[in-house]
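Visitor: I'd like to ask some things about the structure below.
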Amino acid sequence: MNYKKYKGYETIVLEDRIWPSRKIEKAPQWCSVDLRDGNQALITPMGLKQKLRFFEYLVKMGFKTIEIGFPAASDTEYEFTRTLIEEGYIPEDVTIQVLTQSRIQIINKTFEALKGAKNAVVHLYNSTSTLQREVVFRNTKEETIELAVFGAKAIKELAQKNPETNFTFEYSPESFTGTEMDFAAEICNSVIDVWEPTKDKKVIINLPSTVEMATPNTYADQIEYMCRNLKSRENVIVSLHAHNDRGTGVAATELGLMAGADRVEGTLFGNGERTGNADILNLGMNLYTQGINPELDFSDINSMIEIYEESTAMSVHPRHPYAGDLVFTAFSGSHQDAIKKGMARMNKQAQYWEVPYLPLDPKDIGKSYEPIIPINSQSGKGGVSFILEQNYGLYIPKDFQKDAGRVITAYSDKMQTEISAEEIYEVFLNEYVDIRTPLQLNYHKTQSVDSDWDLVFIEAEIEYNMQKHYIQAEGNGVVSAFCNSLKEIIGMDIDIVDYRGHSMEYGTKAKAISYIELKNETGERFYGAGTSSSVGKSSLRAVVSAINKMISAQQIKDIDTEEEEIA
Ligand SMILES: CC(=O)SCCNC(=O)CCNC(=O)[C@H](O)C(C)(C)COP(=O)(O)OP(=O)(O)OC[C@H]1O[C@@H](n2cnc3c(N)ncnc32)[C@H](O)[C@@H]1OP(=O)(O)O
Ligand SMILES: CC(C)C(=O)C(=O)O
């Protein structure tokens, strides 16, 4: 790769810059350019119906300025402008914006398209960069200024002839980032001289990084330079229009705002020429997650995705900030565990949203918590217990969670796929709940020996290896009494380490579920759960489940030992 073929970007010298210590404290004036810059970059540009639908969506989101197209470019563009105006699509507080080159027939056609509009921004541009002056226009600096001034004058005159419309003027030194900064200021000031802005009639100077050529801090330096050198700055709205060639269009815009800009042009999901424009969803949500009102409504991200994909025939990347399908997921066990703990804390005490790995509450943009934690072989106990808790109301004790996490991730590994909440539940039930072989509880009766039920007497019928046994025992509590009576029958020592239970609302009937952790004589732990409409019975079933796990583990060990001996 011949990198020597490229020359480095010459940065501007602005040593007394002040933007790095500034903060963005409010939303800028937003202008959507989806229907112009976004649209001109599509393989199949939008038709009239699609543009209307998209326009209505942008209005609903709260955009007050929408660049609707380049009316002189085609019949569709012209018709769209007329339809919006004639059929009353434009709310009182919304201003449409249109783009024009500095050529009289194009400017005339643009004004013709705007007839009858209440408010309109006429956006004039010509390329100012050294490269474009040399290659495309073959113009000197003076001729380039003349072209801009020519357009500015024509627009002013036409606006005066159409007083029924409240016109705002916008000028873009197109390819601004490839322009010498002193020349960029000079040409913008020449246009400002023509338009003579006032406090009540401000003009917009839009400074595009038509092609993103350098690091975002360079763009910020350029914006700060322009803010210092533009005439009548207080009557000029400085606007940003960043493209994303180096992948830093959003960052450049944010630094540009810190450098003093007032307004931002961009598109939803960053659609636009080549790598696209600055993404307004990204910019707006970056404000939102800093506690700043973005002044745009992003609460229904799914409908935004739907309209975008339908209109542009493109799709939102699964890792797109805020919107992608994988943005609210965590695959690795430690992330899942941290999210689970963070969410539990949010339920209890929540002044500010603070959940590890989730900078945004998915609910705020119409996403749900459910798909947060897909379980795969990289998942840990946190993810598994989160799914069982959120979807099935199972509050599994901590050590039990570890065992269940291990079993379920091993299952996912074996299946070589991510597994669903239903599968997790199924595996959990099959593995731990109401396990009835080789030990089974047929019936039981309990009786208190003292008045506080501390000492309990139990009678029960059990089946072990298909043989019935009638047992009677005393113990401290039902579970303990039951375990005491089983030791002899199964020929193993059993020690209860943990016993918990809760009512279970999932399913048709309210039930109780109990969780038991046992240890055998060598200290190995076994876990089981039992369900029943009675709490007492669920606990005995949990004991039976855990003992059955212990017996089958012992049987596997015995077989292994036999095989080793034979070998
Ligand atoms: C960075 C941006 O996104 S800028 C916006 C780009 N968007 C569009 O171009 C929208 C679609 N455009 C079009 O449909 C067409 O370009 C039209 C209808 C506007 C004009 O069509 P045409 O005149 O046939 O072609 P084209 O745009 O290539 O014109 C090139 C001529 O215009 C000149 N020109 C280009 N831009 C401008 C401008 N902003 N102001 C004045 N003249 C310009 C060129 O120098 C060239 O002049 P030349 O013929 O003397 O060499
Ligand atoms: C017309 C201008 C603002 C433009 O789209 C660009 O420079 O990218």
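Each residue, glycine too, has its Cβ placed from N, Cα and C.
From TrEMBL, for reference:
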type	residues	note
DOMAIN	28-302	domain 'Pyruvate carboxyltransferase'
BINDING	D37, H241, H243, N277	Mg(2+) binding site
REGION	435-567	region 'Regulatory domain'
Visitor: Neighbours of the Mg(2+) site D37, H241, H243, N277: Cβ within 8 Å of the Cβ centroid, same chain, sequence order.
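Guide: Other same-chain residues with Cβ inside the cutoff are V33, P208, T210, A242, N244, G249, E265, G266, T267, G272, E273, G276, A278.
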Visitor: Sort out for me which one of H241, H243 has the most neighbouring CB atoms within 10 A, since those are the binding-site residues we care about.
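Guide: Answer returned by the neighbour count: H241.
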Visitor: Taking DSSP states H, G and I as helix and E and B as strand, how many residues of the region 'Regulatory domain' (435-567) are helix, strand and coil?
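Guide: Final tally across the stretch: 45 helix, 57 strand, 31 coil.
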Visitor: What is the Cβ neighbour count of N277 (Mg(2+) binding site) at a 10 Å cut-off, with all protein chains included?
Guide: 31
Visitor: For D37 (Mg(2+) binding site), write down the residues of its own chain that are at least 6 apart in sequence and whose Cβ falls under 8 Å from its Cβ; none is a fine answer.
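Guide: Once residues fewer than 6 apart are set aside, D37 (Mg(2+) binding site) is near E67, H241, E265, T267, G272, E273, N277.
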